[in-house]
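Participant: Here you go, one structure.
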């Protein structure tokens, strides 16, 4: 198998599987679990076929004999990842089906084009809403739960241990997600004097956990992908308490907020599927590998629908008040990106970590916000900011990631991540 020069998801998969038998494998395995989930909210998981123990041990010995610097910064440099794959490519089993490689290329192409699918979904949602509005609350809940399950399938107990080894770095990201972002949502809603339903919707979406699209944007921007995974995981788990609590505190004065109902729904849709996925990966790894192999394309389609459906369901409102609604939501995301980056620099983090925290702060699970708004608020306008946020988040995050990618990283960039 020739080494790739475009560093596709299979490159990360090759590196991760080669490193996994070695003591310092966690960082590479985090990369494959994230980069293979490329795309929007996404729960999209690519996987390499399972190989025998002998081949894995041979790969591990191959990497162990290579210079330590080959793998250490792998998460932050596509070039080094590609180089690492070149180093181990001669040791890969020749029996890898070409169809599997082609499948992974197709999945990567589809997932990295996520912003394009969001734009198409937005157009369809506005002008042909009947094509996507069939995905109503119950089906929407199942779809979002499936994506959270697929994210859980890529996590292990070791990921949570790494959170404990990086309390300050992960903690700053958590602070940005659940302090800066909600306060921004509240301040913008009050400053622009939004109506009570729209203000509540803006506050609700600002209190949602990080979205998996942030992992993709971090990868593109040359940020710390492993750190992005950890912060998304932590904010997802914390959502069961933080999302209903902050929404109640900040929006309770505007409309009645059922904090208990929000907590229960968040647990059912976000936390429970994630826990099931983690346990399945930990105790039934072979079974999990088989599931992961068939989820990518399903995830691409499902994620596009979960982005298009909210737009379709509020299309009439968007046609009538589109400009008025876009401004506060876009301002929320832009300010969150900027303040997340500033907070990281104030905390003396390196450029890679600062980009990661900025993206994590600016991109959240808008689909969860839309679902909670539909289930727990009687006024349909509460769901509108979350629908608009789907588009603003995807386009804004992608644009920022491409901008940073073209700027590169300082040669002496500080590494704030501890294995």
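The backbone N, Cα and C atoms fix where each Cβ goes, and this holds for glycine too.
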Participant: Identify the transmembrane segment range according to Swiss-Prot, selecting from 137-157, 347-367.
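Facilitator: Checked against Swiss-Prot: transmembrane segment maps to 137-157.
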Participant: In Swiss-Prot, which of the ranges 65-85, 170-190 has the transmembrane segment annotation?
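Facilitator: Among 65-85, 170-190, the range Swiss-Prot annotates as transmembrane segment is 170-190.
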Participant: Would you confirm whether the transmembrane segment (106-126) and the transmembrane segment (384-404) meet the contact rule of 3 or more C-beta pairs below 8 angstroms, pairs 6 or more apart in sequence?
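Facilitator: Between the transmembrane segment (106-126) and the transmembrane segment (384-404), contact is present.
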